[in-house]
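Written below as structure tokens is the structure these notes are about.
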Amino acid sequence: MFWTFKEWFWLERFWLPPTIKWSDLEDHDGLVYVKPSHLYMTIPYAFLLLIIRCVFEKFVASPLAKSFGIKETVRKVTPNTVLENFFKHSTRQPMQTDIYGLAKKCNLTERQVERWFRSRRNQERPSRMKKFQEACWRFAFYLVITVAGVAFLYDKPWLYDLWEVWNGYPKQPLLLSQYWYYILEMSFYWSLLFRLGFDVKRKDFLAHIIHHLAAISLMSFSWCANYIRSGTLVMIVHDVADIWLESAKMFSYAGWTQTCNTLFFIFSAIFFISRLIIFPFWILYCTLILPMYYLEPFFSYIFLNLQLMILQVLHLYWGYYILKMLNRCIFMKNIQDVRSDDEDYEEEEEEEEEEEDGTKGKEMDCLKNGLGPERHLIPNGQHSC
């Protein structure tokens, strides 16, 4: 049954234009053509990238984060068996009635119970150090792969003349630079997919899964059907914007607000140009319209463009979030990743409350000793203010 499915799956009518056979893409005269078996190497390379990532985060990202003043914080919560059992076995977000009952049971105020649950939730959230490490790793990879992509493509005629993308298709030999560009890019997305369960989770977690699977599916399909030339153009258009996003995140976690805002504006401009202008009007034009001058419509042509259109829908989805963040930056003077959990605000609120409580405590001590909030002596009879 497996062999029957395999034979059906690799039928030439699914992958190649009419009249073209797999035998036409056999290596000959020193020319090498793509083979599906080449993609097996992306899995071991993905695990190799995971190892490199661990080393990079420990010996490069962590020291860099510390140089920016980011520390590995340990969030401590006052031990409470009753509240801990409720947190683990009932809910992380208790209702007001639950808070009232727990406060009575633990002999605490409702305010103290609320703060305990907020602190306990924040204890399980990733630290700024972890977020910085992830952003730093992605920044490093996107920087390297973008530079490599430019080096691989700058002298290729199809970068400047889209008609060359289809010249001679599908009998287009594989170049060594194309092989490594594809293999590294696919291995990276596999590694991101493998790490999704351990990396920082955001509101668009499902969109990230769809994006990574769509990217891997698109690259795998384009490889097997020998859409390598158009595939390299798709990859370079995507990678060029991601560098700026990850660098903006790094400076955001470091607290360099002005630098973060500047980098985010640059990213936004490049994103809208590359993915909402160049991608639909250049890449999709290249894959959807130009092939019709060379070939009749066939299955892989339709499937390729269907995947690219799904990718464009994701571009619009992320473009919506970017516009929301730009709106916050322009009108609220603050960039906050709208994909982040709402507990990001809880942590800030908790820190502000602690500072406020500390300030009030100091003021009370000062008043008890006849001093004002600024530690100046208060004349007798003037304690109230």
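These residue numbers are counts, starting from 1, taken along the chain as shown.
Quick reminder: no glycine exception, Cβ is built from N, Cα and C everywhere.
According to TrEMBL, the features are:
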type     : residues : note
DNA_BIND : 85-128   : DNA-binding region
COMPBIAS : 342-357  : compositional bias 'Acidic residues'
DOMAIN   : 83-127   : domain 'Homeobox'
DOMAIN   : 130-331  : domain 'TLC'
REGION   : 342-385  : region 'Disordered'
TRANSMEM : 38-56    : transmembrane segment
TRANSMEM : 135-154  : transmembrane segment
TRANSMEM : 179-198  : transmembrane segment
TRANSMEM : 301-323  : transmembrane segment
Fill in: Sequence-remote partners of the transmembrane segment (38-56) [C-beta within less than 8 Å, at least six residues beyond its ends]
136-137, 140-141, 179, 183-184, 186-188, 190-191, 194-195, 220, 223-224
Worksheet item: Taking every residue in the DNA-binding region (85-128), what is their average pLDDT?
Response: 84
Worksheet item: Which residue counts does DSSP give the domain 'Homeobox' (83-127) for helix, strand and coil?
Response: 32 helix, 0 strand, 13 coil
